[in-house]
Structures are given as C-alpha cells and as structure tokens.
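Feature annotations, reproduced from TrEMBL:
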type	residues	note
ACT_SITE	109	active site, proton acceptor
BINDING	6, 7, 8, 9, 10, 11, 12, 13, 132	ATP binding site
BINDING	107, 108, 109, 110, 184	substrate binding site
BINDING	129	K(+) binding site
Ligand SMILES: Nc1ncnc2c1ncn2[C@@H]1O[C@H](COP(=O)(O)OP(=O)(O)O)[C@@H](O)[C@H]1O
Ligand SMILES: CC(C)(COP(=O)(O)O)[C@@H](O)C(=O)NCCC(=O)O
Ligand SMILES: [K+]
C-alpha cells in the first residue's frame, strides 16, 4: 500500500491508499522532535482502531519543514522497509518540471498541488491552498508550476492580532452574518473572514488578468469550505488535492523506473 505524507508548518497529515482511493487520513501537529518510533506507535494504534492491517510498501513525502524529513525517513526505513520519495529532492522526478527563476525551490506542497491539479483539470488552474500560509499556485496549460502568491494564513493573522493588541482576544474563525460587528469578537471575525474573502477575490482576479486565459480556481485545505460560503470564490473544492498530487508523483516515478 502507498502512504502519502504532507507535512505542513502546522500539521502533518498521513493518508493511506488502497489502489485509487484513500482508505484513511490521520493528522498530527508538526513537531520536528517527534521520533520515528513515536510516529509508528501513533500510526499503528490508529490503524488498529480502524481495523486496518496495512502493508505499507511505498511512501511519498512533501514537507515544508525540512527538519522533520530525517525522522520520517527513519520511520520508512525501520518500519516500512522502504526508501521514501521526497518531493523536491533531485531523485524525485516531477511529471512536469516547474518554470521558475533559476535557483528557486518552490514548496513541495505547491509542486504536489500542481501535479494533482494538472491530472484532474488539465492545467490553466489556480490552486488556493489554506495552510499556515495561504498559497496561490498557478499551473500552466502544460501542467508546470509557474509561480503564484504567498499570503499570511488565516490562523496566523488571527494569532498575530491577538498577540499584538493587548485588548483583543483569540477568536475562532467563522462566517459572520453581518460585516459591521457589534462586539469585539464579531468585529475580528468580520475583519478576518471578509478581509480574506476580499484577498482571495482580488488576487484570483489579478492572476487571471495577468495570465490572460480562462482559468479554473480550486480551493484546498481545511478552511476552503468555510470561504466557499462567502460566494463564488472557487470553481471546485478538493480537500485531498495535495495527497492526490503526491500519488501522481509517486506513480510517475514508479513508471519511469520500470
Ligand atoms: N477544518 C478546519 N477548520 C478550522 N481550522 C482549520 C481546519 N483545518 C485547518 N485549520 C487550521 O488552519 C491552520 C493551518 O492548517 P493546515 O492545513 O494544517 O496547515 P499546514 O498544512 O500549513 O500545516 C491550522 O492552524 C489549523 O488549526
Ligand atoms: C509557502 C509555504 C510556507 C506554505 O506551507 P504551509 O502553509 O503548507 O506550511 C511553503 O509552500 C513553502 O515553504 N514554500 C517555499 C517557498 C516557495 O514556495 O516559493
Ligand atoms: K499545506
């Protein structure tokens, strides 16, 4: 079976595949101190809970936190008896190489999103990925990642507001009914929710204008569904896009090795 691991700056997500479908997804906070043994105890316990007896033979990893990769490699070596494919490393080939400035290393999550979006939609796509950062990944008609936008993430903004302003509490993000808040929490929620809605609308519009061809806008990441409530921001929402892209990259590397 294939295990895809998407390690972001906040959370690390593991998806177990059976052929073409994801059997289960598990999420833990990202912590570079977590050892291979700790990962394995956690994963195998959760598999037992779901009565899954997985024979993991292949692993593919995207990590925006370089330090965690070492222990994930040890996990693969010690418990799955395999060498993982790590997106962004020279030995991991991409179906279509990115077209960016010389020396730039795009986030592996963005490369995975591009591979997944191209397989599903055939290019001319913007992926809006809500993680620690809110990324816009532009995928050209041939499937190449060609750049995009990195904005501070929704939770990061909420946290910064709380940290920086003595009288402002930490609030959870939600869609306020009204723009004009009548209490402090409602004002913050409005600022973040409608502020990000404006950001997403404005940036996708400008990307489309600069790109000059019709584009599809795909939302992914936990908060995409919440922002879909704001109106017509996305053509589609695909929560598993990064994982799916990792699978595409895995399949491609397997095919060229044969
Ligand atoms: N479904 C959700 N509802 C609310 N908040 C979420 C949801 N999914 C993720 N988040 C929040 O968004 C932030 C970043 O999400 P995540 O996708 O895990 O980031 P990363 O991929 O950078 O680790 C986290 O603070 C997390 O709590
Ligand atoms: C922008 C990111 C931090 C987003 O990562 P995440 O929010 O998933 O943790 C990540 O894609 C990254 O580290 N990128 C490297 C720079 C670049 O993509 O140009
Ligand atoms: K991510």
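Note: Cβ is positioned from N, Cα and C throughout, glycine not excepted.
If you check the binding-site residues 6, 10, 129, 132 against residue 108 (substrate binding site), the ones with a Cα inside 10 Å of its Cα are 6. DSSP assigns the residue listed as 'active site, proton acceptor' to a helix. A straight line from the CA of residue 184 (substrate binding site) to the CA of residue 109 (active site, proton acceptor) spans 35 Å. Those residues of the chain, other than 6, 7, 8, 9, 10, 11, 12, 13, 132, with a C-beta within 8 angstroms of the mean position of the ATP site C-beta atoms are 30, 64, 65, 131. Not a single one of the binding-site residues 10, 12, 132 has a C-alpha within 10 angstroms of the C-alpha of residue 109 (active site, proton acceptor). The most densely surrounded of the binding-site residues 8, 107, 108 is 108 (count of other Cβ atoms within 10 A of its Cβ). Around the Cβ of residue 132 (ATP binding site), 18 further Cβ atoms fall within 10 Å across all displayed protein chains. Around the Cβ of residue 12 (ATP binding site), the same chain contributes 5, 6, 27, 28, 29, 30, 68, each under 8 angstroms and 6 or more positions distant in sequence.
Spanning the residues 6, 7, 8, 9, 10, 11, 12, 13, 132 that the record associates with binding ATP, the maximal Cα-Cα distance equals 14 Å. Considering other CB atoms within 10 Å as the measure, the emptiest surroundings among the recorded positions 109, 129 are those of 129.
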